[in-house]
């Protein structure tokens, strides 16, 4: 069933396969009057794009996004915004080797059994390539949030393998290809990536997303709580296996007297909650973490089966990231921005003219 | 905006406050012909109910659910099912102390600022009391999944504070008030609860939910992936701060060659993925973990402010659980069952008559 | 699939059968702060109720609605509002005659074949009895629209059989049991009803709904246009077979120079459009018409078949209206009010903080 | 708020303005395995296209649709299908005359006041040009319905001005530019169009849509009844002011004994209901009628105001249809097909494995 839409009042719907003709999205419900050009999206698309550094895949995708509708004389009109990125790098490749084999850890197996047919070129719809459109749509949300409400959504690499990053200097994040907020960790990260390339292997990663300057009140309990929708959006990114809000799994060993954030006349004394109480934003910074699995596109041979159920050895060749988590930084920002934008408009709809006020 | 509905084709909508007249739910989209009585729901409601053991609160809520519609001569008719639980324990209590004060760590602050008005009695809509209707609706899903597809959804306590539980004997789970699968840990858990009661404090918990005998194919990428919807449903339970699928945050330090589940002609060799690949069920057991924060309803005094912004000391009196995580076991099962039921019907709608087959 | 919900941001979900235990509804997304009591709904429920005059059925349903949640100290809290009406008139009757027979013109045939099981007592879910909850929910919308925006939604009987009503005096509508705006037509209507009762037959009706004082801008093209959603809501009332906006089917023979409403500096010169242009409210009165078929619950014998496909003669006994259209006046008002309320909140969500203004 | 999506499980979302870069659509939820090429859509697009005959506008739009995703090796994959039509006829024209003036009867006035900004070139998003994407998406639904279920959805011109068409010979419909099923009426229609062109005026029309070979059971009461969703879809077409199912407004003067369709062992004796009982398809042909207003794009001068509220005389120049109803025949078919497709999948989801059978 239709599952390619996210959001209810700010609604993003996407299409496109890894090696198809084009990727596209429709943003529906964007308020009118927002100044918008392709350049507003291109920056984040370039941050996501592989081939921008030696640490990510060398596949070259210019990822030039085009606005097809919904913008007139440089401003959004409130009607649906059509976006498209043409796939320019559809090199005719020999897929006969992977066509009938399920790569272990990939979506090959489940897509084949769910749909009975799949576009096996580069993973088809299950490829992370589709996330380009999420980033484009997220950039629109980010611009609106920043311009109209001063809300800022940013993310960084918090851990890669055993390399943990505890010092956060936002100014550093965009200065290195790892989105790493601590310059002292760059050498370790570089060494790890080199080792993985040599081994033909990959590694997992942990990212942190922070949204600042949120108003109090975003989130619609009891099911469409803000934390629930953030979890939905982040867990829906390829390779994500865990999502935390605030202290996350650390709460298991915390006591109530330790976890609760006390409130003083001048504000909260701490932020264990990660900016959400009862599913509603508290006005503190929203803090979310996500864990990305190591990609299974590696050259270490693995055991699998083919579509006939016969044993097969699988080696994934081609251009791949040793750590897909790196590229997910702008994707995670985009998903959080889309959720916040949707909740901002939802909240505004219900609250606009409170008769009691 | 309307956020009290979960599911798209098997759809559950709820209402009710902690100290209101009644709690209720409408289940819409349940297939016809399912034998259903109140007793089918009462079992899980009793498992969730506080006051059933000395380890949870002594508040007495009979929680007798009543079917108001949608069932005829003992079977569902395919029309909307109305459910209600009357609140029998609305003792007139003096709320003047908490009425104008925000309890630290509670939803008081955010509800007050979002809506400008709130039912402060017992937490109102933000109380975990509303989860009774989730459990009732989940029981309908569980019955259908079990009876028609042989799918079993179960959960257990995996950790409380520092007490980790590694041995899983399903037969033990319902034999103790902790839903603990390892009888050797019962003394430790008992000692911890006693200590917390003495200290007037609380503790967090980690739960594990397992769904077995799932078909391959549930989940609707790219946004309504099965893992994304599970994350939404579990993060939407009161007090949950983290959700994991399969290996969860452990993937951060794993290598691709270690994480990927190899496939043999007779099945998968491991289940690091937790039963989901590319957002679609693989046929392996679905494994999810959730972290619940320690309740802030404790008697250790805490600093806060009142609605006028003045400093206030807060002590939560009354009947409360030292570990709300225990009671969340049937709630987590219910939420996963509702998501699986919805995805089963969604998958069936699109796939029913595949013209290529 | 779940079809018992209407609205997206002001969302109404209902349950209940004609002879079940209770009817109920959940209103989700109602803004907080609206003063609300049962009395606000009871007035419209009494207008809809059969047995209030000799012209409608003598079945006695007190239809006392009860607010179960979402209202605190007399005001809505912004959380979901639970409503219930207990069925007090479940007289144990012998249904053996109609149990296995499809009454011609009824939903018996389609419910039986769709669901494979149906509550045949009084029509079950297909009975117009379910519309009581629509009226209750609509009353909440009507109160908000009137109080916060000064919007008034009213309806009247425009035609019954050959009796056409052209003079509209709103003050008359509530003064007679036909909701007839022209007192000079009352005798004709009375005579027609008497004749139908004598004949054991029924007659169709045409109603007109008018909403005044609407703001410009309600409606979300291209699919969720205001006229499209009004058509959905009105065609979804039992027995409705036609819906018109403004001049409706008369436009077929109109010329463009005649139909278009010219605009003067002080307003529109006419209202052929019925208050909607391009799917968006123009600020003029919204005018909609609906046609209701004559009920097939008549004592004139009819040919039909039973569930085994055998011929059967059908006579519907019991208490029935010769003209169900009369009772539909408050239902039509309610449905239009629900749609307007939803669109008001939808519009407000997108437009709240237009960055260009 | 987002209103550019129709359907719940077979879901169509569109974008594009009259004079923008491109029109596009995403079809989400299409079952996999359907053979699909651009040619399947092009036929209906050509039927809708203006400039194909002297009776419709001479604007030349090749309307060549392109499939961008969701189809692999000639078959749908079950993932989202991206469609695009590039606007080739964006002639740079002088819009200064209409830019600041509201054409009477157009959406100019409401778009301007709703959004505060609008693309005035050719009507922008409010132009009937957007219906091209509906036709493309509808063609996919039509193909699936026909191929998998043998369901046929067709429409014809039933009336234009005073020219009523009572004889229906389906074989004639595609033989003339009016979609007229009675060859004896062609001269009258031709004469009427000629007169209108001479007068610079326009005329309304009535269309009839018929869907044959439907299964019993489509429709989800109480709100998402099949008739309600058909009404929503048809009233949502530009210029439509009325929708009828079966006998429509004629029911107002019918008696119950006359309207009800009696049932014989070999089927229904009549079809006053138009194939829908209680909101659910009965298996009889679904019959719907729609009324389209005369376009206000005429050369007869009209009074209006400009955006500053000043009086203005308006004459619409350019290429326009004297009767927009003619081109709406394939659009009406498309909308009905989309609704049927959605309801087919919705019904299938809930009913797939009825435990009582």
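Glycine residues also receive a Cβ, built from the backbone N, Cα and C atoms like all the rest.
Caution: TrEMBL annotation is automatic and unverified by curators.
If you look up TrEMBL, you'll see B:48, B:54 marked as NADP(+) binding site. Sequence annotations record features per position, and here TrEMBL assigns FMN binding site to B:125, B:126, B:127, B:238, B:239, B:278, B:293, B:294, B:295, B:296, B:297, B:319.
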*Let me know how many other Cβ atoms fall within 10 Å of the Cβ of residue B:48 (NADP(+) binding site).*
25
*binding-site residues, contacting chain A; criterion Cβ under 8 Å; candidates B:48, B:127, B:293*: B:293
*With 8 Å as the upper Cβ-Cβ limit, not reached, which of the binding-site residues B:48, B:125, B:127, B:239 neighbour chain C?*
B:125
*What is the interatomic distance between the Cα atoms of residue B:127 (FMN binding site) and residue B:48 (NADP(+) binding site), given in whole Å?*
14
*To the nearest whole angstrom, state the Cα distance for the pair residue B:293 (FMN binding site) and residue B:48 (NADP(+) binding site).*
18
*In the structure shown, with every protein chain counted, which of the binding-site residues B:125, B:295 has the densest set of Cβ atoms within 10 angstroms of its Cβ?*
B:125
*Among the binding-site residues listed here (B:127, B:297), identify the one with the smallest other-Cβ count within 10 Å.*
B:127
*Consider the binding-site residues B:125, B:239, B:297 and say which one has the Cα lying nearest the Cα of residue B:48 (NADP(+) binding site).*
B:239
*Taking the Cβ of residue B:239 (FMN binding site) as reference, which residues of that chain separated by at least 6 in sequence fall under 8 Å from it?*
B:128, B:292, B:293, B:295, B:324, B:325, B:328
_Just to be sure I understand the packing, how many Cβ atoms besides its own are within 10 Å of the Cβ of residue B:293 (FMN binding site)?_
30
_Under a three-state reading of DSSP, tell me whether residue B:48 (NADP(+) binding site) is helix, strand or coil._
helix
